[in-house]
Structure formats: structure tokens, C-alpha cells
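Written out below as C-alpha cells is the structure these notes cover.
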Amino acid sequence: MENNEKYIITLDSGTTSCRSLIVNKKGEIIAIAQNEFSQYFPKSGWVEHDPLEIWNTQLSTMQSVKNKAQIKSSDIVALGITNQRETIVVWDKDTGLPVYNAIVWQDVRTSSFCDQMIAENKTEFFREKTGLIINPYFSATKLKWILENVPLAKEKLAKGKLLAGTIDTWLIWKLTGGKVHASDVSNASRTMLFNIHSLDWDQEILDYLKIPRSILPKVQASSEFYGFVQSSLWSNKAKGKVPITGVAGDQQSALFGQMCTEVGMVKNTYGTGCFTLVNTGQKPVNSKNRLLTTIAWKLGNEKTIYALEGSVFVAGAAIQWLRDSLRILYNAALSDFYSSLVKDNQRVYVVPAFTGLGAPYWDSYAKGAIFGLERGTKNEHIIKATLESIAYQSNDLIKAMEKDLGQKITLLKVDGGASKSDYLMNFQASISNLDVHRPANVETTALGAAYLAGLAVGFWKDIKEIQKMIKIDHQFKPSVDQKEVDVLLKGWNEAVKRVLNWQKDIE
């Protein structure tokens with residue numbers, strides 16, 4: 001059979017849904033299957049997922065996308081995985097059953113413990129080794145919480161039966177029938193346990209947090225062989241031996257999917273949150289502006305590539321909030337339409353700090369607020385201001401990056417669900433004074449994992465071959481007068497100032 005009749009499958013395990021995609025040799029997605037899964041909020045600030053539900057949801061999309069594409073498992077040359085990062089799963093290696101729900105990246109239950117570590121002057125200790133700042137966002141304190149607060153975890157640990165990992169590790173373990181306990185460098189670099197210089201779990205950190213190395217996965221390159229998918233997972237008759245050869249955290253995968261392979265190239269993913277990454281090459285750059293130094297990817301035996309990252313916790317999730325909680329929007333896709341019904345935002349600002357604020361503020365005590373309300377304020381103004389809040393938060397990251405890089409960023413490559421909003425992209429170009437390029441295929445997160453998997457098996461020869469396949473759908477240029485931009489930004493900065501530390505101030 002010709003090579004062009006072979007395919008890559010990508011599993012994209014997100015925060016609210018699992019998707020599986022089939023990609024052909026031209027880099028085209030020929031089939032997608034997607035299913036949402038449940039979110040659990042047991043207490044204020046707590047966010048959990050059921051790991052078995054994630055696995056079953058992911059598996060069902062994997063099986064249905066193969067059937068949708070009308071291909072056999074033997075037509076699939078490799079499988080790539082990309083996933084929500086930082087979310088931690090702990091399970092029994094004999095039964096394969098989780099000892100507790102997965103604690104999600106948005107969960108802030110460990111805020112006070114993080115405050116305690118900061119008070120103990122541990123900030124530099126962690127930043128130097130991991131490139132991260134101390135924050136409940138990362139896996140380390142979530143894992144420590146499970147080990148200390150879940151009796152079943154203590155019991156299994158004492159018997160040497162406990163395994164832990166991020167979502168990629170959990171999926172690899174399930175896909176290989178419990179044969180492989182592994183993660184890739186990009187996911188490991190988000191745990192706050194991994195030394196990004198030595199590329200290994202940091203023993204001093206493990207000792208300090210009392211986390212045994214034995215429960216942690218082996219860490220591999222983002223593009224290399226991990227293990228084979230159990231044939232029976234495709235169907236009872238499946239014969240294909242599909243290797244898992246590409247693994248990356250969702251944001252690093254999007255950076256690769258956008259082919260930001262040169263130093264200084266920047267992408268922003270507009271998903272549940274917003275994530276801006278800039279490729280810094282083979283050198284980790286220490287941020288002076290509270291951005292994260294992180295591993296972008298590692299291709300086989302090649303040198304590790306690093307990035308600077310800024311994270312916005314609530315972006316597309318703010319539009320979901322308008323739809324599900326406030327009910328002033330029935331369909332998230334209509335936010336552009338409603339925004340167009342009003343000339344401007346009437347100086348209304350929405351600060352969607354529902355789970356605190358991410359970079360460059362890193363304030364887990366901030367709360368969301370709407371400012372500038374008048375008697376004449378309509379739903380449309382609030383919808384418009386909510387869309388704009390996504391651009392304002394992203395702009396805060398871009399400006400911090402420019403300071404760290406010592407240069408102006410002139411081009412932003414965008415992807416993710418909310419990047420389909422022309423109003424948001426136009427506003428982003430104007431507010432940040434740069435060109436915005438949206439690719440014809442905004443599924444760059446899933447494509448990144450497909451490219452990583454494909455390169456490892458020679459499906460694509462090299463990065464150059466992949467670059468030729470990428471097409472730009474639309475270019476947005478700044479269109480708002482700079483004086484007006486300055487006025488808008490002044491209002492935004494004032495609004496943010498007023499929500500900082502809110503919860504602590506009122507307690």
C-alpha cells in the first residue's frame with residue numbers, strides 16, 4: 001500500500017473534552033471525533049476530573065474516529081498524544097484504579113501551602129531548577145496533597161503499589177495495557193518536580209516535598225518510541241501494531257503545530273485559557289517578568305528546545321460562563337454577532353479572574369469582576385467586554401515577553417477555538433500593535449502531536465516538509481488609533497488593579 005494511504009492518529013485530551021483526529025500525509029485532518037466529560041467542583045476553588053471517565057471518553061473517540069475515517073488499525077503508522085498539562089492522576093498499578101479524582105490544573109486548594117513555601121524563601125530554589133514559580137497551578141503540590149490527604153493513597157504507597165503521572169502518562173499506561181509508565185519532557189517540565197537543565201526529576205525537590213521518585217514516570221523525548229497500543233483497544237479483530245511516538249503538553253504541541261521552530265517565534269492558543277509561548281531555542285531564558293521558563297520539545301536525540309510561557313487561566317471559559325451561568329448567550333459562536341450590535345464597549349471591563357489571575361500577576365486570591373456598569377449597559381456590552389478581556393490578558397503576556405526578549409514582537413500566530421472570532425483577532429492586533437496570523441487549520445494542538453509522532457517514524461522526512469504544508473487563512477492588522485488604544489489599556493489596568501488580592505482583603 002502506498003505511503004499516502006497511511007495515517008497518523010492524534011489523541012487530544014483537553015480540559016473539558018477528549019478528541020481524536022486522523023491526519024494524512026498532506027497534514028490534512030480527515031476525521032475528528034469529540035466527546036465532553038464531567039467537571040467536578042467539590043468545594044470552592046477545587047476542580048476535579050474522573051480519570052476513568054477521561055480514559056473511557058478518550059478511548060471511545062479513538063475508536064469512533066477510526067470508523068469515521070473508514071480505515072483499519074493497520075493503516076495507522078503512529079499515534080500522538082497531546083493533553084491538558086499539570087493535572088495529576090494517582091492510581092494503583094495492580095488494579096489500574098485511581099485512588100482519587102484527577103486534580104485539575106485550575107484547582108487552587110494548595111494555595112496556602114504555596115504561600116508557606118514562598119514565606120520559607122523557596123521561590124528561587126524552585127525557579128532555578130524548574131523554571132516555574134511556586135503556584136497551586138502546577139502538579140507538585142496537588143500530588144503532595146493526595147499523598148497526605150487520601151488514606152487509600154497512603155495505604156497503596158506503603159505497599160509499593162502507587163503510580164502517579166500527568167494525563168499523558170495515564171493515557172500511555174492505559175493504551176499499553178499497563179506496560180509503559182512514561183511522560184515526555186514538555187509535560188514533566190510543568191510538574192514543578194522536574195529539573196529542566198539535567199532533564200530528570202530533581203531529588204532535592206522530591207526530598208523537600210516528600211514525594212517518592214518510585215511513583216513518578218520515566219521521562220522521554222517528545223518524538224520517539226514509547227510503546228505499542230494494545231491491538232484489542234481498536235476492535236476485537238484489530239491486527240495493527242500502532243506505536244506511540246509523539247507526546248507533548250497541549251501548549252508545547254501547539255507551538256510545534258504552528259511550526260514556531262525558530263528563536264523568537266510566538267504563538268497564542270485561545271482555548272479554555274490563553275497560552276502564549278515564544279521559542280527561545282536551546283537556551284532556557286530566565287524571565288524577569290514572571291513568565292515561566294519551560295521545555296518546548298525534544299526531538300529524539302536532538303538538543304532540547306526551550307520556551308517562555310505566559311498563562312491566562314480564563315479565556316474561552318469566560319464565554320462559556322456567559323452561556324452557562326449568566327445565560328446571556330445561548331451559543332458561544334454567536335459572541336461576535338452580539339458584539340457587532342453595539343458600537344463600543346461603553347468602557348465596560350470584565351476581569352474574568354474566576355480562578356485567580358495567571359501571568360504576569362500570579363494572584364490566586366484575585367476574583368472576577370465587571371466594571372463600568374451603567375443604567376444603559378446591555379448584554380451585548382458585557383459580551384463584547386468579555387471577548388476583549390481575552391485580548392487584554394494576552395496583551396499583558398506579550399508585553400512581558402517583549403521585556404524579557406528585549407525586542408518588539410511583530411507577529412503573533414494564533415489558534416484554538418476562540419481564535420475563530422474575527423472581532424477578537426482584530427482587537428488583539430490593535431491592542432498589541434502587531435500582525436495576527438490565523439492558519440487555515442486552527443487544530444494546531446492536535447497537529448503538533450501528529451507531526452511529532454510522524455517525524456519519529458519517518459512519515460514526514462523533516463520539519464521543512466511540514467512547514468510547506470501550512471497555509472494562512474487570515475491576517476489581521478492593527479486598526480485602532482494608538483490614542484484610543486492607550487485609553488482602553490488604562491481602563492483595563494485600573495480594573496485589574498482593583499481585583500488583585502480581593503479574597504484576602506475581604507477575609
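Using the three backbone atoms N, Cα and C, a Cβ is placed for every residue, glycine included.
Listed in Swiss-Prot:
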type	residues	note
BINDING	Thr15, Arg85, Glu86, Tyr137, Asp250	sn-glycerol 3-phosphate binding site
BINDING	Thr15, Thr16, Ser17, Thr272, Gly316, Gln320, Gly417	ATP binding site
BINDING	Thr15, Arg19, Thr272, Gly316, Gly417	ADP binding site
BINDING	Arg85, Glu86, Tyr137, Asp250, Gln251	glycerol binding site
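Overlay of Swiss-Prot annotations on the structure.
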residue : record                               : Cβ neighbours (10 Å)
Thr16   : ATP binding site                     : 15
Arg19   : ADP binding site                     : 22
Arg85   : sn-glycerol 3-phosphate binding site : 28
Glu86   : sn-glycerol 3-phosphate binding site : 26
Tyr137  : sn-glycerol 3-phosphate binding site : 29
Asp250  : sn-glycerol 3-phosphate binding site : 29
Gln251  : glycerol binding site                : 30
Gly316  : ATP binding site                     : 23
Gln320  : ATP binding site                     : 14
Gly417  : ATP binding site                     : 17
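Across the structure, Gln251 (glycerol binding site) and Glu86 (sn-glycerol 3-phosphate binding site) place their CA atoms 12 angstrom apart.
The Cβ centroid of Thr15, Arg85, Glu86, Tyr137, Asp250 marks the sn-glycerol 3-phosphate site; residues of that chain outside this set whose Cβ lies within 8 Å of it are Gln84, Thr87, Val104, Trp105, Arg190, Gly249, Gln251, Gly273, given in sequence order. Looking at Thr15, Ser17, Thr272, the binding-site residues in this record, the fewest other C-beta atoms within 10 angstroms of the C-beta turn up around Ser17. In the three-state DSSP assignment, the secondary structure recorded for Ser17 (ATP binding site) is strand. Ranking the binding-site residues Thr15, Arg19, Arg85, Glu86, Tyr137 by Cα distance from Thr272 (ATP binding site) puts Thr15 first.
The maximum pairwise C-alpha distance among Thr15, Thr16, Ser17, Thr272, Gly316, Gln320, Gly417, the residues recorded as binding ATP, is 14 Å. What surrounds the glycerol site, by Cβ distance within 8 Å of the Cβ centroid and not counting Arg85, Glu86, Tyr137, Asp250, Gln251, is the set Gln84, Thr87, Trp105, Arg190, Gly249, Phe275, Ser311 from the same chain. Cα to Cα, Ser17 (ATP binding site) and Asp250 (sn-glycerol 3-phosphate binding site) are separated by 13 Å. Between the C-alpha atoms of Gln320 (ATP binding site) and Arg19 (ADP binding site), the distance comes to 19 Å.
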